[in-house]
Amino acid sequence: MTTNNFSHTSVLLDEAVNGLNIKPSGIYIDGTFGRGGHSRLILSQLGEQGRLIAIDRDPQAIAVANEIDDPRFSIIHGPFSNIEHYINELGLSGKVDGVLLDLGVSSPQLDDPERGFSFMRDGPLDMRMDPTTGQSAAQWLMNAEEDDITWVLKTFGEERFAKRIARAIVARNKTEEPLTRTKQLADLISEASPVKERHKHPATRSFQAIRIYINSELDEIEKALKGAVSILAPAGRLSVISFHSLEDRLVKRFIRDESKGPVVPAGIPLTEEQIKALGSARLSSIHKMKPTGVEVEENPRARSSVLRVAQRIEE
């Protein structure tokens, strides 16, 4: 597997790793290896007894990870939603000192036209995080009903012209050759959008929505968060970077819910043992951070990012 030459600047790099409160002999998980920015910084802070396990479902990321020659480091090819399974298989559940998740699409994925994520560069209409599995965006759009496309654009892109765009996509696929290129789709969306926002391409929300749907991103994140909390040691840290409001709302809600104890409706007689069986709070929120103005100026893609850090409650 060859790698591309597109560079990637990790957003909130120091802040996300600092949020893990690295112990030199600790065990850490980088659930989204990408191009290894966070992993390399974590390794630089680990001692000889420390261990870092990275996960990524992108074959290009795996190729980059395989170039790291360090006995403390290992890479797993697969979705981060399976984090609990991977760590259970390694016999490390409850022993992990920190999990880092950097959500969304990496710069190399966006910048490589062959991956089909960007409306700014023409390429195959793919959008899969792992191009070796699942259906591409083009395949889905070719067979999807207008109502299904409308729902995806509204739900995952908050696109106000979702119905117009969906109608245009279905009409195009029925009357002409199906959409197979990113530029074809971007141009179609532009034509179908009656109002253009300043400083934002008309296809921005639709491309985001289709990408999230094709990769089941929000479901993957929810499973990854649940798995991450389950494998953390007492006082272990969870450090999560999100890049748009849908991701951040999900992360915020998850940390909030995991910070509460069981809610017992008034008037229901339960013994202390029964209340304990309902479970207890597992996380405490540490802090929320956004990038500095300097970082946003140097890396505009950092603009909408949010870092949230939480800690596993010691039982």
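Note that Cβ sites are derived from N, Cα and C of the backbone, with glycine treated the same way.
Binding of S-adenosyl-L-methionine is annotated in Swiss-Prot for GLY36, GLY37, HIS38, ASP56, PHE80, GLN109; the matching candidate from ASP70, ASP102 at the same site is ASP102. In this structure, GLY36 (S-adenosyl-L-methionine binding site) belongs to neither helix nor strand by DSSP; it is coil.
Around PHE80 (S-adenosyl-L-methionine binding site), a 10 Å sphere centred on its CB holds 26 further CB atoms from the protein chains shown. Of the listed binding-site residues GLY36, GLY37, the Cβ environment within 10 Å is emptiest of other Cβ atoms at GLY37.
Within 10 Å of the C-beta atom of HIS38 (S-adenosyl-L-methionine binding site) sit 29 other C-beta atoms, taking all shown protein chains into account.
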